[in-house]
Amino acid sequence: MLQRCGRRLLLALVGALLACLLVLTADPPPTPMPAERGRRALRSLAGSSGGAPASGSRAAVDPGVLTREVHSLSEYFSLLTRARRDADPPPGVASRQGDGHPRPPAEVLSPRDVFIAVKTTRKFHRARLDLLFETWISRHKEMTFIFTDGEDEALAKLTGNVVLTNCSSAHSRQALSCKMAVEYDRFIESGKKWFCHVDDDNYVNLRALLRLLASYPHTQDVYIGKPSLDRPIQATERISEHKVRPVHFWFATGGAGFCISRGLALKMGPWASGGHFMSTAERIRLPDDCTIGYIVEALLGVPLIRSGLFHSHLENLQQVPTTELHEQVTLSYGMFENKRNAVHIKGPFSVEADPSRFRSVHCHLYPDTPWCPRSAIF
């Protein structure tokens, strides 16, 4: 019996020894190379099973990166850094917001970077323009250009930036589009960063305007203003002599003013430069501000950024809070529902002396103006 137990023990020891030898001589499992680790890491960033990254992920990797061959760990980190950099906006550039309110500055902007076009007609030179030159234009003559249809020596003495458009003085869509065409061409020639159009019944708060425009890079596609409708306008686009089709788009009303970046304005060239703006306006048979919206939204696919900081006489201006006047980009005056329509502000002037309230607003924004009463209470 002892001999039998001894043989069993010997066989067990021999078997264990053979098993150890087999384990030692077998090839070890390959250690993942840095490249493989890099690919696995990139796949994990992209999501499980090669799926798309989660919406809003700032570390999302370009699918093209995943198909590249990674030859070293340093290359992997290089690709990862590049992917994160590409996913983030450039320094100082925030993602576009739709509310049209100022955001952190995207670029440094000065008054000489902005081209303000004021559309008017000869019969309103005294009734409307004199008020503008007395108030906001007096501080910003170098950046403000008057587009009119009639010569005026008195106006020429006030500023050298008077542009005779050779357009009709009628308030027709053809005449309005004619003036807008001249405005566009003069802006392109100026080389300035921003084009802003206003009417001769608008007050422009330059500080608020610069603060708003500085929120957007002028090289990007930016069309900002305030629509007068609560829905896109429906129009008929004439494709050929006998063929039309429906088209709808948003547009910023010219009565409140609007601004366009140079980057977008250059893209508008095929439909706006030279005599093209007039022919484009005829395709939809709508006025100038509608034609701008048609080119930008319907043809170029750039959405209007709607801003509540622009105001026209088509809205109830009494609802603009006095405490927020310094934030508004444009104001207006006129009639609304058969009543006098202007912002509500106490100011140093009576409603009879200052029916538009522009003088009171100007003294509120620029109390150092020589003709503003020093003891004014707002």
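Every residue gets a Cβ built from N, Cα and C, even glycine.
The topological domain 'Cytoplasmic' annotation in Swiss-Prot covers 1-8.
According to Swiss-Prot, the feature transmembrane segment maps to 9-29, an assignment based on sequence analysis.
Under the heading topological domain 'Lumenal', Swiss-Prot lists 30-378, citing sequence analysis as support.
Annotation source Swiss-Prot lists region 'Disordered' at 85-108.
All protein chains considered, the CB of Asn166 (N-linked glycosylation site) has 9 other CB atoms within 10 Å. According to DSSP, Asn166 (N-linked glycosylation site) sits in a coil region rather than a helix or strand. For Asn166, the entry in Swiss-Prot reads N-linked glycosylation site, with the evidence type sequence analysis.
Non-local neighbourhood of Cys178 (disulfide bond): Thr165, Cys167, Ser168, Met278, each in the same chain, at least six residues away, with C-beta under 8 Å from its C-beta. Sequence annotations record features per position, and here Swiss-Prot assigns disulfide bond to Cys167-Cys178 (among others) based on similarity to another entry.
For the recorded site, Cys259 (disulfide bond), the DSSP three-state label reads strand. Swiss-Prot lists Cys196-Cys259 (among others) with the feature disulfide bond.
The Mn(2+) binding site feature in Swiss-Prot is assigned to Asp201, His313; the stated evidence is similarity to another entry. Long-range Cβ contacts of His313 (Mn(2+) binding site) within its own chain (separation 6+, distance under 8 Å): Asp201, Gly255, Ser332, Tyr333, Gly334, Met335, Phe336, Asn341.
Feature annotation from Swiss-Prot assigns disulfide bond to Cys363-Cys372 (among others). Cys363 (disulfide bond) falls within a helical segment according to DSSP.
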Practice prompt. Would you please pick out, from the disulfide-bonded residues Cys196, Cys363, Cys372, the one with the fewest other Cβ atoms within 10 Å of its Cβ?
Written response: Cys372
Worksheet item: Taking the Cβ of Cys259 (disulfide bond) as reference, which residues of that chain separated by at least 6 in sequence fall under 8 Å from it?
Response: Trp194, Phe195, Cys196, His197, Leu209, Leu212, Leu213, Val222, Tyr223, Ile224, Gly225
Fill in: Mapped DSSP class for Cys196 (disulfide bond), helix or strand or coil
strand
Item to complete: Give me the Cα-Cα distance between Asn166 (N-linked glycosylation site) and Cys363 (disulfide bond), rounded to a whole Å.
Response: 36
